[in-house]
Amino acid sequence: MASLSIKQSLLTILLACIVFATAPGNVMAQSVDSIVTPQFFDGIKNNAPATCSADDNKLEIAAFFAQASHETGSFCYTEEIDKSNTYCQSSTEYPCAAAKSYYGRGPLQLSWNLNHGAAGKALGLDLLNNPETVSTDPVVSFKTALWYWMTAVRPVVGQGFSATTRAINGPVECDGKRPDLAQARANLYTSYCTQLGVSPGTNLLC
């Protein structure tokens with residue numbers, strides 16, 4: 001496999017989000033180049049360190065695909081299946097809107113009012129009052145996934161796959177809480193690393 005640049009790495013991740021966004025039930029009304037403007041993409045890739053190697057890029061791609069595959073049932077679900085939890089946490093900055101729930105939505109299952117609020121602020125969207133947009137609008141869906149990845153996950157990618165699981169669902173799965181789910185994520189990651197021809201390392205379970 002040819003060496004991947006940081007830009008190619010992030011573009012591959014972006015395409016994964018687009019695949020999710022165009023799954024049955026979603027309608028992609030715009031072309032990719034009309035959505036992913038040079039300004040939007042450069043703002044993401046400019047956060048990438050200059051020291052990443054081809055293998056680092058492959059590991060990040062494998063990690064993203066593993067986490068997104070696990071969260072969405074291999075890109076089948078746009079929303080969390082169990083909607084009994086409203087995921088509303090007391091906050092003066094990002095208060096929950098009346099009659100709104102903040103259960104997981106999108107490729108990385110963005111959850112909680114705090115994340116919807118922060119993502120909306122970064123993207124110029126009102127996701128507190130309209131959290132459903134994350135699952136019904138494919139553009140918003142992959143933008144929030146990329147926002148969460150770059151904000152909460154990418155900073156710990158170098159610490160091993162276990163750190164990415166902790167960043168996505170640590171309180172629920174890590175430290176022995178749900179070893180079966182943590183293992184399922186690790187299995188996907190190992191499989192994707194094998195397909196990309198890179199060693200997954202040893203720090204796989206959180």
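Using N, Cα and C of the backbone, Cβ positions are placed for all residues, glycine too.
Automatic prediction, not curation, is the source of TrEMBL annotations.
Taken straight from TrEMBL:
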| type | residues | note |
| --- | --- | --- |
| SIGNAL | 1-29 | signal peptide |
| ACT_SITE | E71 | active site, proton donor |
| DISULFID | C88-C96 | disulfide bond |
| DOMAIN | 140-150 | domain 'Glycoside hydrolase family 19 catalytic' |
| DISULFID | C174-C206 | disulfide bond |
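This view paints the features noted in TrEMBL onto the structure.
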| residue | record | contacts (Cβ under 8 Å, 6+ apart) |
| --- | --- | --- |
| E71 | active site, proton donor | G104, P107, L108, Q109, I168 |
| C88 | disulfide bond | C96, S101, Y102, W112, N113 |
| C174 | disulfide bond | S162, T165, R166, A182, C206 |
For C206 (disulfide bond), what is the tally of other C-beta atoms lying within 10 angstroms of its C-beta? 23
For a quick check of packing: other C-beta atoms within 10 Å of the C-beta of C96 (disulfide bond), how many? 22
